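Copied over from TrEMBL:
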- 31-278: domain 'G-protein coupled receptors family 1 profile' (DOMAIN)
- 16-40: transmembrane segment (TRANSMEM)
- 52-76: transmembrane segment (TRANSMEM)
- 88-109: transmembrane segment (TRANSMEM)
- 130-154: transmembrane segment (TRANSMEM)
- 194-216: transmembrane segment (TRANSMEM)
- 228-249: transmembrane segment (TRANSMEM)
- 261-280: transmembrane segment (TRANSMEM)
Amino acid sequence: EFVLLGFNHSLKIQQFLFMIFFIVYLMTCLGNITILITIMTDYHLHTPMYFFLAKLALTDITESSLNTPILLLGLLSQNKTVPFKECILHMFFFPFIGGAHIFLLAVMAGDRYVAIHKPLQYLTIMNRKVCVGLVAGSWAGGFIHSATQIALLLPLPYCGPNTLDNFHCDVPQVLKVACIDTYLTELLMVSNGGLLLIIIIFVLLLISYTVILVKIRRQVTKGKHKALSTCIAQIMAISITFIPGIFIYARPFKTFELDKVASIFFTVLVPVLNPMVYTLRNTKMKKAIRRV
C-alpha cells in the first residue's frame, strides 16, 4: 500500500480547506451538469460547438469526481493509505480522462477553425458522424496515453519507501519510490505525457487560435464580436488547463514546493473554471440557461 501525506497543517486549517474544496466540488458538478442539461434540452444549442462543449463538461465532472473526494477524505484524516491496486487503477483513469480532455480541446480548436475558414460548408464538414468520430478519437487517444504510462509503471519493483507526497496517486510520486534507477522510464514518461501530449498540443493550439483570430479581424464582418468572444474563451480554457500540466509533467520528476499547489489547481480547480469561462463569456449559453 501507499501512504498519501496530503496536507500537514493544523486541524482547523484542514477543516477550513475541506469546506473550501467541498464548495468548489459542488460548484463543479452544478456548473457542468447545468451545461449538459442546457445543451441537451435547448435545440438552439444542437450544433457541433456545443456538442463538443457538452463532452468537455462530462470530462470535467468525471475528472473532478475522481480526484476531489480523495482530497476531501485526506483533509479529514492525517494519513490516508491506498492499496497498490487501487493506486494503479486511479493512475489509469486520471490520465485517461485528462488525455481525453486535452484531445477534446484540440478538437474544439479544429471546429472553430472550420467555422471561421469554411462557414458555408461548416455544417456539411462537421456533420454528426464526424463529430461523434472526433469525440471517440479523443477518448481513444486518452486511453492510449494512459495505457502507455501504466505499461511503463507496472513492471517496476516497489519494495522500499511507500510514502507519496501528494493527496492522490500520481505518476511522478509513484515513479520516485520504485526500487531501481528509473531515469529511462522517467524520460519516456516525460516524453509521452509532458512533451508530446501537453507542450506540443498546447503550442499547436496557440498557433491555430492565433491564425483564427487574425482571420476574424481581417475578414469576418457579421458576428465578429461573437466569434472573437468564443475564441478568447477557448484560449482561456486551454491556458488554465495546460500551464499547470506543463509544470507538473513536462519536466524531470523532482520535488518542488509548488507541486502540490499545481496538482490541486490542475485536478480540482480547472474543472470548476471551465464552465465559468464558457458561460460567462457566451451570451447564447447564458440565454439558453435562463430559458431552461
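Residue numbers in this text run from 1 along the chain shown.
Cβ atoms are placed via backbone N, Cα and C, with glycine included.
A TrEMBL annotation is a machine prediction, not a hand-curated record.
At the 8 Å Cβ cutoff, the transmembrane segment (261-280) and the transmembrane segment (130-154) share fewer than 3 close pairs (sequence separation 6 or more) and do not count as touching.
Across 88-109, 130-154, 228-249, the stretch most heavily in contact with the transmembrane segment (52-76), judged by Cβ pairs under 8 Å, is 88-109. Here the transmembrane segment (130-154) has Cβ contacts under 8 Å with residues 48, 51-52, 55, 88, 91-104, 106-107, 110, 171, 174-175, 185, 188-189, 192-193, 197 of the same chain, all six or more residues outside its ends.
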